[in-house]
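A short write-up of the structure that comes next.
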Ligand SMILES: Cc1ncc(COP(=O)(O)O)c(C=O)c1O
């Protein structure tokens, strides 16, 4: 008999009843060190007092009114995002995949309004992940995500990772409209796009008039040590997808855009019942205030350096289990020689949570607020997990 919850997930045999900072606690009191942060969501840790305050104060005021009316918390969060980024304007969603939907619609509408409605193609890359909506799976294009769900939304050109000739040819096509890319592929196995490549993509877009859409759903909101990952490359996108960390655990996403790229999105062209609701935006403001506070990102960078160094030693001492450390800031991956699922499971046995990714990688996406002592403890527990895998 089918489970009462649609069985689309392979769930680990764990269930948590409480979260505190970098820790998740089961009903029997077992405390797990959380290096997954709900897949890069709990950027400020579990039950962060500033977020609990923002959410409960808003819950006691008003939960939902709809986008028929002004939502002051939404305007406050949009103002903060505009102040700290390339963007002139923001639309709020409830998730990353909804942000993908709008990014695609926005790019197509841009070209439609410019009198070039044939420029519908969006260039994407192997290993990409943009969510599970119809546009999201069509954008990523992998067989794993799309098989059985056709006909797929047309207008995506899938390019091999690192094939510059294929990319240049696709960008020069008269039907090309935009390039969509994650500055650091998350689900694809923590594969950072080198700064030079991101600059190259910006140049290519400028050369052909294409829009550059960045998916910073997983790598954004301070995770790489800058507010957004593309800042390291010194470039700006035209459109950017954000979610996960921006709500710190409350479902919230956003599309940020320049005035030019957003030009086609006039009243009535897009909407969402819940997107930008007062609860989510009140929390989002508190998250933005914490991440943009002086010194916060400096600390992320310092701790990321410490973690990376410790992980390099871990890999060196378990050469049969691990191959290399990947990533940037606190979006890190351990490429495994052992089966990644076995390493994740051994982590559970040793009370440390990691997240599997493609390419036989385990992801380490701790809360950005993880402490030095917790990093040391995380390495001890990963070391124990690796020894368990070696002994098996
Ligand atoms: C890069 C990226 N884009 C989009 C998504 C989809 O976000 P959501 O699961 O909130 O729909 C994810 C989720 O993992 C992601 O990592």
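Along the chain as shown, residues are numbered 1 onward.
Any Cβ shown, glycine's included, is placed from N, Cα and C.
Quick look at what TrEMBL lists:
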- 96, 97, 129, 215, 216, 217, 218, 273: pyridoxal 5'-phosphate binding site (BINDING)
- 132, 272: N(2)-acetyl-L-ornithine binding site (BINDING)
- 244: N6-(pyridoxal phosphate)lysine (MOD_RES)
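Overlay of TrEMBL annotations on the structure.
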residue: 97; record: pyridoxal 5'-phosphate binding site; DSSP (3 states): helix
residue: 129; record: pyridoxal 5'-phosphate binding site; DSSP (3 states): coil
residue: 215; record: pyridoxal 5'-phosphate binding site; DSSP (3 states): strand
residue: 244; record: N6-(pyridoxal phosphate)lysine; DSSP (3 states): helix
residue: 272; record: N(2)-acetyl-L-ornithine binding site; DSSP (3 states): coil
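Around residue 97 (pyridoxal 5'-phosphate binding site), a 10 Å sphere centred on its CB holds 22 further CB atoms from the protein chains shown. Comparing C-alpha positions, residue 96 (pyridoxal 5'-phosphate binding site) sits nearest to 244 among the recorded positions 132, 244, 272. Across the structure, residue 132 (N(2)-acetyl-L-ornithine binding site) and residue 97 (pyridoxal 5'-phosphate binding site) are spaced 6 Å apart at their Cα atoms. On a Cα basis, residue 273 (pyridoxal 5'-phosphate binding site) lies 19 Å away from the residue listed as 'N6-(pyridoxal phosphate)lysine'.
For the pyridoxal 5'-phosphate site, whose annotated binding residues are 96, 97, 129, 215, 216, 217, 218, 273, the maximal Cα to Cα separation is 25 Å.
Residue 129 (pyridoxal 5'-phosphate binding site) counts 24 other C-beta atoms within 10 Å of its own C-beta, drawing on all protein chains shown.
Shown are the binding-site residues 218, 272, 273; the one with the most C-beta atoms within 10 angstroms of its own C-beta is 218. In sequence order, 182, 183, 228, 229, 230, 240, 241, 242 make up the list of same-chain residues 6 or more apart from residue 216 (pyridoxal 5'-phosphate binding site) whose Cβ falls under 8 Å from its Cβ. Checking the binding-site residues 216, 272, 273 against ligand 1, none has a C-beta less than 6 Å from an atom of that molecule.
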